[in-house]
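As written in Swiss-Prot, here are the features:
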type    : residues                                               : note
DOMAIN  : 8-320                                                  : domain 'Kinesin motor'
BINDING : Gly87, Gln88, Thr89, Gly90, Thr91, Gly92, Lys93, Ser94 : ATP binding site
REGION  : 423-450                                                : region 'Disordered'
COILED  : 639-666                                                : coiled coil
Amino acid sequence: MEGAKLSAVRIAVREAPYRQFLGRREPSVVQFPPWSDGKSLIVDQNEFHFDHAFPATISQDEMYQALILPLVDKLLEGFQCTALAYGQTGTGKSYSMGMTPPGEILPEHLGILPRALGDIFERVTARQENNKDAIQVYASFIEIYNEKPFDLLGSTPHMPMVAARCQRCTCLPLHSQADLHHILELGTRNRRVRPTNMNSNSSRSHAIVTIHVKSKTHHSRMNIVDLAGSEGVRRTGHEGVARQEGVNINLGLLSINKVVMSMAAGHTVIPYRDSVLTTVLQASLTAQSYLTFLACISPHQCDLSETLSTLRFGTSAKKLRLNPMQVARQKQSLAARTTHVFRQALCTSTAIKSNAANHNSIVVPKSKYSTTKPLSAVLHRTRSELGMTPKAKKRARELLELEETTLELSSIHIQDSSLSLLGFHSDSDKDRHLMPPPTGQEPRQASSQNSTLMGIVEETEPKESSKVQQSMVAPTVPTTVRCQLFNTTISPISLRASSSQRELSGIQPMEETVVASPQQPCLRRSVRLASSMRSQNYGAIPKVMNLRRSTRLAGIREHATSVVVKNETDAIPHLRSTVQKKRTRNVKPAPKAWMANNTKCFLDLLNNGNVKQLQEIPGIGPKSAFSLALHRSRLGCFENLFQVKSLPIWSGNKWERFCQINCLDT
């Protein structure tokens, strides 16, 4: 099969032979019609179409040549490849994938893994002889048991790993089939196996053997995935821990189905994180890889529901439309996907404005050539160099250097600027023709305030008419000059105009007014705050304007403390009188008066309280309270304790105990 015509997603179905332990021979539920050409089958009067449909009589070599051999060529070209075996237990998934060590079976029964590795070695050897490029082949073995990944080739195969770090598992080099035999023997020895009602040697975990092909240009992978059985938990007959194994197995298979259906539907968010199995296979279950599904089905009537479920999964996976891409091309495309924010052109460029002068009213830079290219395109190209080829980067840098050389600055004389402000454009044009070319002197930079106003001051030097055309820029004087246009102080820029300029303008200069500006030292904010705090009156609440919240709270607390201390000091002389008053108030009453008061309160409670209030009296329960309320309604009220004692509700010495509890006279 030609590589250009190879489909990115291929689905194949393989019928398993009859299981001998069932002890009966029945017609198969799978039928291969003669018109199918090996690509369709009929199950339960439903026809299913796939890329390949293998009957039970097909050999391992024929299945490998038609299904897996094209993936070997794509692997060496730098593509990611994955082959999955899906189906219920006992249908030959591990047998087809070749998870059994090669030395323990006959050569005609070798599965996909040893055959693929043999072809990889042949092609790697041929390429190294021609190109002399070092190509290394590695292999890793991962088991996913109870939603926990285990590195079967590591030093601690029974310690679970973190799912996100499964790409860093142990990889052993492969140089021959003997190395693969050692890896499979080591991994199979540590893999979990448990007998079920459907298979005496059923795998209770998902196994992933990854072949890594590394070179200077790419690092490609081929994943050989042997999924656990997809049968229901009830059919296994397991309970407890074994039942939980089946639940976790079906969880991983369900996540595989969800990922495949999401990719087929074109969803932007793929649920890779729903299980550990899809998390480990995330790098291979993408739109840039080759996927091959081998659906293993059973010919027995008792397995019809599982067979239909497997075929439906293959039908949904057939809807995938992938666009495989080599690893090197993937990196280039990712580098080209620069965020739009980084592709925006800069407003200024440090390289361009490094030799430019500040823009002010005195000096305005002007380019020598007016036909220069716009800088936005150059800056745009330079800013997005991350996604450009080396030639494009070189061209962008050359354009940037060209712009730097063409952007030469020419200073405009102050005579032009002053006259343009006054409106004498024609005279300024005449003077410009009489002026000699610029002397190349660096223009003086203005003050940091970059003022646009012109200060006109008195001329202090003698008039010289012979120097009208001479370029002159007045130095900065350390005085404050009054502007003629506005009665405000401006930046300290003074200009010395020539006599010809004064004659042309007709404006006589003002008398120079020098305003002495006293320079007061600027104090720190902490010093100013401290001085303001010291100037405040002692004992008064300080002003809370422009102070920190902590300072204001501290001042309020200090003032409150002083007030409290003063009040306590004033209250000390009256302390003895207060104690004497308290002593007179707390004098205990006489026992007889207290007893009479207690009896009165008790009778008031009996005469006025309801049933709930009577229940709160110590020694009276719900029945006694109800009886007291009933007798009170009969008598009207209780006048003394003798009437209460004569009631028939007190049996034995209950009245004496009641009186002791409530401090009453018996």
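Each Cβ is built from the backbone N, Cα and C atoms, and glycine gets one as well.
Overlay of Swiss-Prot annotations on the structure.
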residue: Gly87; record: ATP binding site; CB count, 10 Å: 29
residue: Gln88; record: ATP binding site; CB count, 10 Å: 25
residue: Thr89; record: ATP binding site; CB count, 10 Å: 26
residue: Gly90; record: ATP binding site; CB count, 10 Å: 22
residue: Thr91; record: ATP binding site; CB count, 10 Å: 30
residue: Gly92; record: ATP binding site; CB count, 10 Å: 19
residue: Lys93; record: ATP binding site; CB count, 10 Å: 28
residue: Ser94; record: ATP binding site; CB count, 10 Å: 23
Other than its close neighbours in sequence, what residues sit by the coiled coil (639-666), given a CB gap under 8 Å and a spacing of at least six beyond its ends?
-> 595, 598-599, 602-603, 606, 617-620, 624, 627-628, 631
Secondary structure at Gly92 (ATP binding site) (DSSP, helix/strand/coil)?
-> coil
